[in-house]
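Novice: Feature annotation from TrEMBL assigns domain 'Hcy-binding' to 6-307. Per TrEMBL, the feature Zn(2+) binding site maps to 210, 292, 293.
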């Protein structure tokens, strides 16, 4: 029989560094398996081979966590704004659990079942109604016996608390990850207060994911850690940022950037940037370190290589990657061989190759969040009148920027 794997809390309690995986919706959208806009994960049913392969690539890169591809897999999201899927949330969630478990069994990885924010919350549905959505997903995760649970990608701490409270009834370890920056959630609740509320709700691991670049996310988790410690509470900390530079973002992060979602490539972090991120996250006491949108397996491999001294292992994917470009010593061109050294890559300032592009953008800060009429969700497709309204709002927002 295969040895029993240590659980997530066992690993973190022992001071181990746990490496998460990357951003499935962005990676699979680029590969042609996810539709931008709804960002829903029906590919677990329609194209399981694509999801399985991405899991395997992250495992090979060094991920210890196979997070189920269940982002936005609640029924209210699957039938929002004209979605006509004939696949239920339960089908998607079950298939996602099976795929994650299959690949996790190929290495020393755990399976994490994840829930995320809901259209129902944005439409001001009741706590009972929103919690019912999480409960429905949790039923599948319990049936499939995932190793632990993650409430991720929440813009409002209230909804995140509700999710944690539901997931906590499972008896399994619970992590809670918000998509916020240093300014806090969309109603202005500070990162420190968000973390305190999530720990009190029952989360043993708290942190942030998505919406901001690594250094912004590390700064935000540090604020969370300070808030938890000041309150006399204890928790572990996680961070799973974007793989995009976002120095020009406002409180809602990269979705307000005009390049979102189809022109973000010039902002991609290099593998060497990831070394810096991993080291900074480790220095502030974060031990669950991974990625979100934009992260590809090579980014995760860079995290594992940077923290190899602390972890005592290198991932299988490093067999094809010399540390700090060492493999370039075998290149045919001497000027490329000269780049086979750490100081070259650490000091490089990559050019964008786009002469007419500015270094930063102006975010489209519309200033609307839960409770605003513009965020009321519905099943029907966007009408011509609704599109006209949002275009007028966009024009007004740009003129006032």
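Every residue number used here counts from 1 along the chain in the order it is shown.
Just so you know, glycine gets a Cβ as well, placed from its N, Cα and C.
Have a look at these and tell me how they're positioned relative to everything else.
Specialist: Residues near residue 293 (Zn(2+) binding site) in space but far in sequence (CB under 8 A, at least 6 apart, same chain), listed by position: 23, 25, 26, 210, 242, 243, 244, 254.
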Novice: Within 8 Å of the centroid of the Cβ atoms of 210, 292, 293, which other residues of that chain place their own Cβ, given that this set defines the recorded Zn(2+) site?
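Specialist: Output for this site, in sequence order: 23, 26, 153, 179, 209, 211, 240, 241, 242, 291, 294, 295.
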Novice: Counting across all protein chains shown, how many other Cβ atoms sit within 10 Å of the Cβ of residue 292 (Zn(2+) binding site)?
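Specialist: Counting Cβ neighbours of residue 292 (Zn(2+) binding site) within 10 Å gives 29.
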Novice: Which number gives the other C-beta atoms within 10 angstroms of the C-beta of residue 210 (Zn(2+) binding site), all protein chains shown included?
Specialist: 27
